[in-house]
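The annotation domain 'Phosphofructokinase' is assigned in TrEMBL to 145-451. Annotation comment: TrEMBL describes Gly152, Arg215, Gly216, Gly240, Asp241, Gly242, Thr243 as ATP binding site. The Mg(2+) binding site annotation in TrEMBL covers Asp241. Look at TrEMBL and you will find Gly242 tagged as site 'Important for substrate specificity'. Residues annotated as substrate binding site in TrEMBL: Thr269, Ile270, Asp271, Met314, Gly315, Arg316, Glu370, Tyr427, Met428, Ile429, Arg430. For Asp271, the entry in TrEMBL reads active site, proton acceptor.
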Amino acid sequence: MEASISFLGSTKPNISLFNPSSNVLPRRDFPLPALKLKKVSVLPRILHQKRLIRAQCSDGFKPEEDDGFVLEDVPHLTKFLPDLPSYPNPLKESQAYAIVKRTFVSSEDVVAQNIVVQKGSKRGVHFRRAGPRERVYFRSDEVKACIVTCGGLCPGINTVIREIVCGLNNMYGVNNILGIQGGYRGFYSKNTMNLTPKVVNDIHKRGGTFLQTSRGGHDTAKIVDNIQDRGINQVYIIGGDGTQKGAEKIYEEVERRGLQVAVSGIPKTIDNDIAVIDKSFGFDTAVEEAQRAINAAHVEVESVENGVGIVKLMGRYSGFIAMIATLANRDVDCCLIPESPFFLEGKGGLFEFIEERLKENRHMVIVIAEGAGQDYVAQSMRASETKDASGNRLLLDVGLWLTQQIKDHFTNVRKMMINMKYIDPTYMIRAIPSNASDNVYCTLLAQSAVHGAMAGYSGFTVGPVNSRHAYIPISVTEVTNTVKLTDRMWARLLASTNQPSFLTGEGALQNVIDMETQEKIDNMKISSI
């Protein structure tokens with residue numbers, strides 16, 4: 001049972017009960033105390049999709065005092081197709097699910113965004129729990145689904161493709177599934193292939209994407225025209241933040257045209273920079289594979305006098321891979337990430353730390369994220385900012401730049417002999433198959449997306465929130481998640497490497513304060529009540 005708030009020509013809010021598994025729309029209006037409406041100025045397009053629920057609903061719903069409960073709801077097809085019929089879920093007859101104590105997820109089940117609370121604190125933001133519903137809004141023999149992958153590569157994409165196909169076929173009996181080849185452009189360039197469990201049987205053992213990918217090429221009108229012409233009614237879109245913005249536009253156009261098409265996004269980014277969800281798929285694999293590069297650098301610098309090894313890892317805006325790989329390895333002496341400003345010269349600078357570590361250990365290893373120090377590099381190279389087809393800023397090679405800076409300083413200024421070793425494993429890491437942990441995770445993501453689409457939800461993405469999979473509005477995941485320098489995890493890294501915080505440099509401390517302040521402002525825009 002869902003609850004939605006309406007204003008019936010009065011300043012007092014009223015609450016109506018609505019069950020998406022039924023075609024009947026009963027209405028009971030209860031006068032409620034004044035509610036603080038959620039401000040979503042940062043997400044104006046989906047304001048009408050938000051439903052604020054003051055407490056979990058039940059058949060005997062009774063308004064309670066305002067406890068700050070907020071549901072970040074996802075759209076349902078009945079929102080613009082109120083007469084859409086529903087059907088019993090085929091999983092009722094599934095032999096595999098026959099032993100499950102509770103096969104179906106209740107419409108009242110939600111997942112809390114924050115699980116660490118204090119006595120008397122507001123209940124906060126919640127999301128709909130992912131999983132199969134008792135009623136579905138598609139007949140299995142009428143489903144025509146498609147899958148598309150966009151953006152850069154990431155371990156686990158093929159596993160997600162495989163499990164969407166197998167989930168639709170094995171759980172719901174869907175046989176008509178198309179693979180859109182070459183990213184968004186594939187929709188209107190007519191590159192498709194039929195996908196069956198047999199076709200995708202072993203693709204999870206390969207890296208890359210079985211369907212090929214591309215950046216850019218998003219033309220909403222052309223894509224939806226193609227979806228409509230082909231009779232597609234379920235769209236599964238695997239991609240990063242730019243891709244998910246495109247998925248949201250596709251959903252909005254589908255709604256505008258009144259089409260019975262469920263649009264489901266599966267967020268993909270190797271950088272683990274998606275807000276709200278615990279982590280992105282492929283991240284564990286990337287951290288594990290990064291260990292090989294770090295170990296190789298350590299072996300190299302240990303074997304020479306005054307060896308300095310630099311390993312550049314992924315992380316355009318967020319340094320999660322570099323941070324977690326450093327913590328996991330224990331041989332790293334310094335970790336540099338985009339969120340933490342650093343400086344080279346002067347007291348407390350990187351050059352001073354390198355010299356101290358070389359005197360102490362005769363070698364050192366530096367891990368640097370690709371997005372770290374970009375302003376520093378651009379200023380040094382006098383380079384102008386350019387962007388790729390997805391709108392992402394093209395990064396300068398901070399690894400090569402830092403290698404040359406260190407070499408020049410110690411050779412020309414300090415008159416010290418050093419041996420520089422530079423390793424860039426970026427594309428090797430992106431291209432490998434996912435490990436066991438990510439394979440299981442990808443399976444859960446894919447099955448959650450399938451259950452959500454069959455249940456009639458649309459314009460949503462999936463992911464674990466505090467270890468429970470949930471349906472999340474696409475717009476929520478568009479906010480970039482970054483390493484918080486004031487959290488314990490970064491403190492653990494500093495304690496592990498004994499590196500300086502670099503906050504004593506001119507302007508560095510103020511930059512951190514500015515970033516923290518801006519983050520608080522962004523969070524207030526998204527989840528203030």
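Numbers here mean position along the shown chain, with the first residue as 1.
Cβ coordinates are placed from backbone N, Cα and C, and glycine is handled just like the others.
No curator has checked TrEMBL annotations; they are predicted automatically.
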Site diameter for substrate, Å, by largest Cα distance between Thr269, Ile270, Asp271, Met314, Gly315, Arg316, Glu370, Tyr427, Met428, Ile429, Arg430: 17
Met428 (substrate binding site): tally of other CB atoms within 10 A of its CB: 14
Shortest C-alpha distance to Arg430 (substrate binding site) - which of the binding-site residues Gly152, Arg215, Gly242, Thr243: Gly152
Binding-site residues clustered about Asp241 (ATP binding site) [Cα within 10 Å; pool: Thr269, Gly315, Met428]: Thr269
Cβ packing number for Glu370 (substrate binding site), 10 Å threshold: 24
Cα separation, Thr269 (substrate binding site) to Arg215 (ATP binding site) (Å, whole number): 14
Average model confidence [pLDDT] within the domain 'Phosphofructokinase' (145-451): 93
Cβ-based isolation winner (fewest other Cβ atoms within 10 Å) among the binding-site residues Gly152, Gly216, Gly315: Gly216
Among Gly152, Gly216, Gly240, which are recorded as binding-site residues, the nearest neighbour of Met428 (substrate binding site) by Cα: Gly152
Spatial neighbour of Gly315 (substrate binding site) that is closest, considering only the binding-site residues Gly216, Gly240, Gly242 and their CA atoms: Gly240
From binding-site residues Gly216, Gly240, Thr243, the one whose Cα lies nearest Thr269 (substrate binding site): Gly240
Residues Gly152, Arg215, Gly216, Gly240, Asp241, Gly242, Thr243 binding ATP per the record - widest CA separation, whole Å: 12
Number of other Cβ atoms within 10 Å of the Cβ of Arg430 (substrate binding site) across all protein chains: 19
Asp271 (substrate binding site) versus binding-site residues Gly152, Gly216, Gly242 - nearest by Cα: Gly152
Cβ neighbour count (within 10 Å, all chains shown) around Gly240 (ATP binding site): 24
Candidate with sparsest Cβ neighbourhood (10 Å radius) among Asp241, Asp271, the listed binding-site residues: Asp241
